[in-house]
C-alpha cells in the first residue's frame, strides 16, 4: 500500500539554507525541518547560533547539521554543497539567504563598499545557484533572496543594495529557463521590512527623521507601512519559502514573490 501524500510536507527531502544561523534564514531552516526536510544549516561566523538552529530542528523530529562556509568564496560554496550531499546522500532544496545591507548616497559610494555588497548579495547568490543546479537532484528547488526595494519600493540612499537585489530578479527569470533540463524550479522571495536584528540596526534609514526615534518606536511606525498594520516577521517569509520548496509549487517557476504585506 502506497503512502498517503500529505500536501506541502517535505518528508524525505534534503534542504540547504545559506546564512541560516539567525534571522530569516534560521526561520527558513526551522520551518523546512518542521515540514519534514533534513536541513543543512550554513553559517559563516557563529557556530553557536547555527547549532541552536540544528537543535531546534532535531527537537521537531527531523535531522540537521551545521556546516561553515563563506558564500563570497566560490570554492567554499562548492565544498558546502559537496559536504551536504555527502552527509545526507543528496540535495533537493537550496535556499540562498545570505546578504548584507547598505545605505548611502550613490555619489559617496566607494569601490570597496560596492564590492562588499555585490560580492555577497549578487555574486554570492549567482554561484550558490550555479552549484545548486550542479548538485540538486532532478526536480529540485532553487529559492533566491531578492527585496521589495529591487523593483517595488524606492528608498533614497539605497541604490547599492537595491541594485544588488535587482540582479537577482533577472537571474531568476533566466535560471528558470536553463534549469528546466533537470526539472528544477527557480524562484525568489522579495521581503519588505522584516523584524530581525538587521532590521533594528538600519530601520532609521527607512523612516524620515528616523534617528529621533527608538528602535521600538521605529518598529511600531513600520507596522503602518502595510495596510494590515503589523510588522513582517521571519516566519512570514519562511512559510512562503516552504511553499515554493514543496511539490505543490511545481508550476511556480521563474517568479519573484514580493512579501511585504502590501507595503509597496
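A Cβ is built for glycine as well, from the same backbone N, Cα and C atoms used for every other residue.
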Please pick, from 14, 24, 237, the residue that Swiss-Prot records in the NADP(+) site together with 70, 97, 130, 161, 165, 196.
24
Can you tell me how many other Cβ atoms are located within 10 Å of the Cβ belonging to residue 196 (NADP(+) binding site)?
19
Since the record lists 97, 147 as recorded positions, which of them has the fewest other Cβ atoms within 10 Å of its Cβ?
97
What's the most sparsely packed of the recorded positions 130, 165, counting other C-beta atoms within 10 A?
130
Measuring Cα to Cα, how many angstrom lie between residue 24 (NADP(+) binding site) and residue 161 (active site, proton acceptor)?
17
Cα within 10 Å of residue 161 (active site, proton acceptor) - qualifying recorded positions among 70, 97, 130, 147, 196:
147
Listing them in sequence order, which of the recorded positions 130, 146, 147, 196 have their Cα within 10 Å of that of residue 165 (active site, lowers pKa of active site Tyr)?
146, 147
